[in-house]
Amino acid sequence: MNTHSDSENSLSRMEEMVSKLRALEFRLTPQRMAVLEVLAAGEGHPSVKEVHEIVKRKFPTTSIATIYKTVNLLKRINEILEISIPGGSKRYEGGKPFPHPHVICIRCKKVIDLDLGPLKDITTRIADDTGFEIRSHRLDFFGVCGDCKSREKLTQKQRRQRHDK
């Protein structure tokens, strides 16, 4: 759901990303701007392939290599967050490029942001207990989402019905 404040946040993130790229003297091609727009929107956690499909609607000749290069650049300058999914795929988030927790479905690969409140207290405790200077963290939970659980139950029920015949 896009509310007015969601649009403002997306625009603000886009402006932040553009500003950082300009400050670092990177070119802002129309294709690169389209990638920024998709990632700054913060809608879902798209894969490179999904970003490519969206960008191609505006710029049909855009190669997937262009998307990979832009995503890698944004990752390198800490403007997007990379989320590793079991099975090797990766998703990206530009709306909130700072570490925060997620719940990830191991079946359909759906990624949902979690709001567990500030993790500063636990980070401080870990630093104190270990002597580490904590620079980043990841906290992701893996499981099966409600939609996939429903499909599994339906499939099991259908198998039992076939077996009982």
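Placement of Cβ uses the backbone N, Cα and C atoms for every residue, glycine included.
Copied over from TrEMBL, here are the features:
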type: BINDING; residues: Cys105, Cys108, Cys145, Cys148; note: Zn(2+) binding site
type: BINDING; residues: His137; note: Fe cation binding site
Rounded to the nearest Å - Cα separation of the residue listed as 'Fe cation binding site' and Cys108 (Zn(2+) binding site): 25
Sparsest-packed of the listed binding-site residues (Cys105, Cys148) - C-beta count within 10 angstroms: Cys148
For Cys148 (Zn(2+) binding site): DSSP state (helix, strand, coil): helix
Listed in sequence order, residues not in Cys105, Cys108, Cys145, Cys148 with Cβ within 8 Å of the centre of the Zn(2+) site Cβ atoms: Ile106, Arg107, Lys109, Lys110, Val144, Gly146, Asp147, Lys149
Chain-internal residues, separated by at least six, CB under 8 A from Cys145 (Zn(2+) binding site): Cys105, Arg107, Cys108, Lys110
Local backbone state of the residue listed as 'Fe cation binding site', from DSSP in three classes: coil
Other CB atoms, at most 10 A from the CB of the residue listed as 'Fe cation binding site': 12
Cβ packing number for Cys108 (Zn(2+) binding site), 10 Å threshold: 12
